[in-house]
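Enquirer: From Swiss-Prot, here are the annotated features:
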- 10-27: compositional bias 'Polar residues' (COMPBIAS)
- 470-520: domain 'DHHC' (DOMAIN)
- 142-171: repeat 'ANK 3' (REPEAT)
- 175-204: repeat 'ANK 4' (REPEAT)
- 213-242: repeat 'ANK 5' (REPEAT)
Amino acid sequence: MVNELENVPRASTLTNEEQTVDPSNNDSQEDISLGDSNEITSLASLKAIRSGNEEESGNEQVNHNDEAEEDPLLTRYHTACQRGDLATVKEMIHGKLLEVNNDGDSTEHITGLHWASINNRLSVVDFLVSQGADVNARAGALHATPLHWAARYGYVYIVDFLLKHGADPTMTDDQGFNLLHLSVNSSNIMLVLYVLFNVVSKGLLDIDCRDPKGRTSLLWAAYQGDSLTVAELLKFGASIKIADTEGFTPLHWGTVKGQPHVLKYLIQDGADFFQKTDTGKDCFAIAQEMNTVYSLREALTHSGFDYHGYPIKKWFKKSQHAKLVTFITPFLFLGIAFALFSHINPLFVIIVLFLLAIATNKGLNKFVLPSYGRMGVHNVTLLRSPLLSGVFFGTLLWVTIVWFFKVMPRTFSDEQYTNILMLVILVSVFYLFGQLVIMDPGCLPEETDHENVRQTISNLLEIGKFDTKNFCIETWIRKPLRSKFSPLNNAVVARFDHYCPWIFNDVGLKNHKAFIFFITLMESGIFTFLALCLEYFDELEDAHEDTSQKNGKCFILGASDLCSGLIYDRFVFLILLWALLQSIWVASLIFVQAFQICKGMTNTEFNVLMKESKSIGPDGLSFNENFNTTPEGFAPSIDPGEESNDTVLAPVPGSTIRKPRTCFGVCYAVTGMDQWLAVIKETIGIKDSTGHNVYSITSRIPTNYGWKRNVKDFWLTSDINAPLWRRILYPPSGSKALLNGIEVDYFKLYKLPNKDVEQGNDMV
């Protein structure tokens, strides 16, 4: 059942091209609403929720052809309101050609304010209201107000203006829909948030207000598969138990739609999947008839239930214990692998390890992952667990063990300083790894005071930036420049660089410098370990008088020290080989990070630029990915420094369709080799497959103040009174750091320092 609004273009899919809306052109519409219950014999025949006024759907507004025959002057006026032709509107009103309170057509009384509202023409709306236009005038087949018409398209700025000038949010149209219902139906999360904070939070509308069919806004959002709106409604306390006149709860309608994220939110909030409708069907029966079984099962398992809706047994009482087991598993697996390769035929070992890997994967998924704490809608997988950080820790631990018990005793007399250096590096790497795992990357606190959130929304509306790029819908704060929301930390991270699976944490403002120290020491430690192992293998060769067993057994290694290691201590040799393999991606990571620091950009900003160059999209078509409905001609005073950041983080128009990533591409990305290749291309100016010159893209980075300035900004804290060594080694103080040589607060960074201004009073 899809109501009259179902065929209206969603605010999230409107193109940036000028659009003049004439809903009279809707030839046919499937309407949302359940008709009489006797019309529905089974859910399999249920296509949509139908509205009560089926015969009026798609005919809400006047037909222009008929209107033109009746009154060409009125047609000209309404067309000007549609197109935002303020000059013509003013001319006609000031010239007394029309009266602002008598500007409706003769059939459905559609006013100029209605037309301006549904076409997002704020300047025309402002003028008409200033001339005394009735903001609560009813018109159209459903007798809707201009507020209703603006809300159905998700036009936040029009809704805000009308409410501030007397529009009544409690009024309903002939379908029984009020402002909250229509806002939810627009699927524009920004309008939903605006209404929740400025109308519902103030008690003007109940979060669970129903339409004539008994459906709440949560039920509508669940039916539409709008997970963003469902999440926000649940935060405001929307009831998951209220059923409509047919006995359908939000979970029932969510199952009809089959959107997994919606089902996850509802089930996590306590929705009853065993509850039955008036026809005696629960969610499992509905899923079978609507072919959404897979989505329901995914939501159930994600929320800790089996396919039949019963709790999955948890083998660990605490989530931390399960994560600890996942973290330790790679250490044991690597030890077994090295031991087997040391004593058994490699071909046989590969088969054994393959079977062991499958068994380990099955065991972790069945017995360990179910004990993880669930938060949000992201599936819990091994790649989203501490597994990869356990791989690194296991490698580090095995390197430490073989160095301490085997390598150091034989090489200390000849390589004292090298062994001491190895000890210092190992201690430092262990310490930094532990710190990076638990360290705050620069998380901004979420906002819980509704009054503060309302003020933030108001401020963003004033500057035309109330969208998901500037407002965090998860934490309800204004996003500072260069920040990003992290699902792992459930917070916005200042100067977000990237999520690193090897430390199971984000890298941001507060731990980025420590991360650079960490990977640099790691690479140094690997080559120090290599030098000691070569000395160790040489000692082994000297200890064995009979070296004939080396002949013909080392292949390409010849008679080198590495051959001695392979023959006399294969376990140490394999660990060294494994460590050297890690050094490849670590070296590429260091190279990429050094390049980005010199360019003055974060890893995330670099990724956005690279995705822009690889994007595939239809020519001339751009999608509103940020739910921005800023009216055309809206010209607030925006500082160039703030605006320039948009060129870095904003998606390129037409970039919503991208090349699919292969399995090899995923591995390539996890090790960071994809960025290494992109940096090489940028350095020598190679064009990508789409013909873009990567260098021409990165040259537009607004935070690039020259490589010397960028390096100083990264490595030096803003505390000019501290000694130089302290400024280099210590992380930023609180949320403050240098940018173009001046101190900025990254928690409140909404404007970038101007590149053209020479910083005379340098804080270096």
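Cβ from N, Cα, C; glycine included.
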Enquirer: In terms of Cβ proximity under 8 Å, which residues at least six beyond the ends of the repeat 'ANK 5' (213-242) contact it?
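Expert: Counting only partners 6 or more residues beyond its ends, the repeat 'ANK 5' (213-242) has Cβ contacts under 8 Å with 1, 32-34, 49, 52, 176, 180-181, 183-185, 187, 189, 192-193, 196, 200-201, 207, 248-251, 253-254, 256-259, 261-262, 265-266, 269-272, 377, 473.
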Enquirer: Over the repeat 'ANK 4' (175-204), what is the model's mean pLDDT?
Expert: 96
Enquirer: I'd like the per-state residue tally for the domain 'DHHC' (470-520) from DSSP, helix first, then strand, then coil.
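Expert: Summed over the domain 'DHHC' (470-520), the classes give 9 helix, 14 strand, 28 coil.
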